[in-house]
Amino acid sequence: MLLELEKRKQPSRAMLYLTPVISVLLTMIAGATIFSVLGYDGPGAVWAIFFVPVLDIGAWQDLGIKAAPLILIATGLSIGFRANVWNIGAEGQYVMGGLAGTGIALATWEMEGWWILPAMCLAGAIGGALYAAIPAFLKTKLNVSEILSSLMLTYVSIQLLYFLMRGPWKDPEGFNFPQSRMFSDSQLLPEIGDTFVHLGVPLAFIVAVIAWYVLSKTVFGFEIRVVGAAPNAARYGGFNRKRTIWLALLAGGGFAGFAGILEAAGPYGQMVPQFPTGYGFTAIIVAFLGRLHPAGIVLGALILAISYVGGEIAQSSIGLPNAASGLFQAMMLFFLLATDILVTYRLRFSGARSGGAA
Amino acid sequence: MTEAILISILVTVVGAATPILLAGLGELVVEKSGVLNLGVEGMMLVGAVTGFAVTTMTGVTFVGIVAAALAAAGASMIFGYLTLTLTANQVATGLALTIFGIGLSSLMGAGFVGQTVERIGPLFPPALAEHEHLRVLFGYDPVVYFSFAMTLAVAWFLRRTRAGLILRAVGENDVSAHSIGYSVISVRYMAVAFGGAMAGIGGCYYSLVLTPMWAEKLTAGRGWIALALVVFSAWRPMRLLAGAYLFGVVMTLELHAKAAGFEYVPPEFLAAMPYLATIVVLALISMRKSVGSQAPACLGQPFKPST
């Protein structure tokens, strides 16, 4: 008996929502198997990575803090992916946003005022957007692949970070450690209530709601979707492809930069060489897992946040290497891309060749 | 500058160029068949860690290199299955392969961090390899000569063989190639496997020759430079060879600057140079209007035979 694929008359909405769930489940099964083969406690690893962080209420604050930058970056990226603009340099835009905001923080050192933090956030978003403007310019003017240019710029931004930390922006009272001064109270994101959840976490959720509104209810959102799905129709409709590329990259960079300064002014409280943590790349998985939809992205970001927090738990509890969570995240994307075919095709057991059997 | 310094600079340039040449050649063949595999960096890392682990366990470098090629080709088959059989998006799947390669290699290599292997020695006997002048020609390890041989082989294959013609036909017009009876999907599977194997050998050049040890993310984005190199080469093997050596010079600027006594250029700037140079080179190439788009016409398009 063979499995065959049969084209559906129209894409299945049910599968569109179900396949992300299926891929997470398949990841757990495959993960448990692989880790058992490698000599670890496989089921224990899956339990620690995916379930312990959810069952432990103490870990929820961590989940929110980890999910916030992923929500922001993935929302920005999804705008580009919808328009077929492949900005994969969000990591660099995140770093540049963090650096731009840190620049304001260092310039306003020993100052006080309510305006400092908003100015830092604005600088972060602008810094990220400007950095994304480089691939946008190269793409629209010279047709340089935004995939390669945005990624190359990520490596450049990391070197700039190292340079600033070791040189001009090094904390003069930092015992020669390569890191910036600690941010002052006017430069730090306030924490909410008795928790250690910073203001950036609710902000990220609010931004996702705004993005949902803009993408689904405005002409801009419609233009983005049309340019991505049907470039020719978009031309007839008077939508300008170049403008869409610019908007998509500026939005992606701006969101990533905003996430960067929220991290610097939130969990880090200063700028450090360890600032690039791969959120920019993980956000690509989040964007796909969330089906490029803000609501899905929030859920996707929470799942990836669970795998991050769980990875740390598994590291301390059963000695699983830190790389394990990265592997789980990659497998999730593989399974999602593989099961995507179920949206447009249905599985059929061949043998019964009569047309209606499905 | 003395001759000795020039020769030692040349040796470092060859070292930097060889892995991106190998990975680039593999990707060139993949792209000629109409497939865009952005997973080069991930496949190189899988090759790097496998080559190191197997060499450590068997004590035979050659076995390590073969294992690296096989492991990376195996990883590329995940990409092949998703994009060719299941017609998944090639860009997204390639990115997934890179993320997967980073995670898998870190996990596999966790037990090998800090260990070293004996690096591969020169291919030719010491009389030639260590000769004052002749070592410019004969002083390299076997992988370097392999990379030259493969450049010629790929150029010959694509231009002069029937199989190469079929591969190019599949990349330029998959529908026509299919209609005259060629199996587009099998040709592309073979190309993707070859690309994986070459990326694997390129990757293990880092862990077995350049820094005979394993460290996380050892390839440091060179896989992406190999991808850019293919664009730079306009999908021509001999230009790819020239490009790889050009990039080799840029990538070793940091070392040259030290040797030449430059101290006022920040090292971070020199470390960023290969990536900046890649962007500049891509921009310059795109500026030349006469070139047009030389990319294979079906690059990145999924093929669904309408039966």
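Just so it is clear, glycine is given a Cβ too, placed from its N, Cα and C backbone atoms.
Listed features, source TrEMBL:
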TRANSMEM  A:15-38  transmembrane segment
TRANSMEM  A:67-86  transmembrane segment
TRANSMEM  A:114-134  transmembrane segment
TRANSMEM  A:146-165  transmembrane segment
TRANSMEM  A:196-215  transmembrane segment
TRANSMEM  A:245-265  transmembrane segment
TRANSMEM  A:271-289  transmembrane segment
TRANSMEM  A:296-314  transmembrane segment
TRANSMEM  A:326-345  transmembrane segment
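A Cβ distance under 8 Å defines the sequence-distant neighbours of the transmembrane segment (A:271-289), meaning residues of its chain 6+ beyond its ends; these are 20, 23, 69-71, 73-75, 77-78, 81, 88-95, 98-99, 102, 154, 157-158, 161-162, 164-165, 169, 178-180, 256, 259-260, 263-264, 296-297, 299-301, 303-304, 326, 329-330, 332-333, 336-337.
Long-range Cβ contacts of the transmembrane segment (A:296-314) within its own chain (Cβ-Cβ under 8 Å, at least 6 residues beyond either end) map to 20, 24, 44-45, 48-54, 59, 62-64, 66-68, 70-71, 74-75, 78, 205, 208, 282-283, 285-290, 320, 322, 324-326, 328-329, 332.
If you count C-beta pairs under 8 angstroms between the transmembrane segment (A:245-265) and each of A:15-38, A:67-86, A:114-134, A:196-215, the highest count goes to A:114-134. A contact links the transmembrane segment (A:67-86) to the transmembrane segment (A:196-215), because at least 3 Cβ pairs that are 6 or more residues apart lie under 8 A. Residues 5-8, 11-12, 15-16, 18-20, 22-24, 26-27, 30-31, 34, 49, 278, 282, 284-285, 288-289, 303-304, 307, 311 of the same chain, all 6+ positions outside the transmembrane segment (A:326-345), place their C-beta atoms under 8 angstroms from a C-beta of that stretch. Spatially, the transmembrane segment (A:146-165) is adjacent to the transmembrane segment (A:114-134); three or more Cβ-Cβ distances between them are under 8 Å for residues at least 6 apart in sequence.
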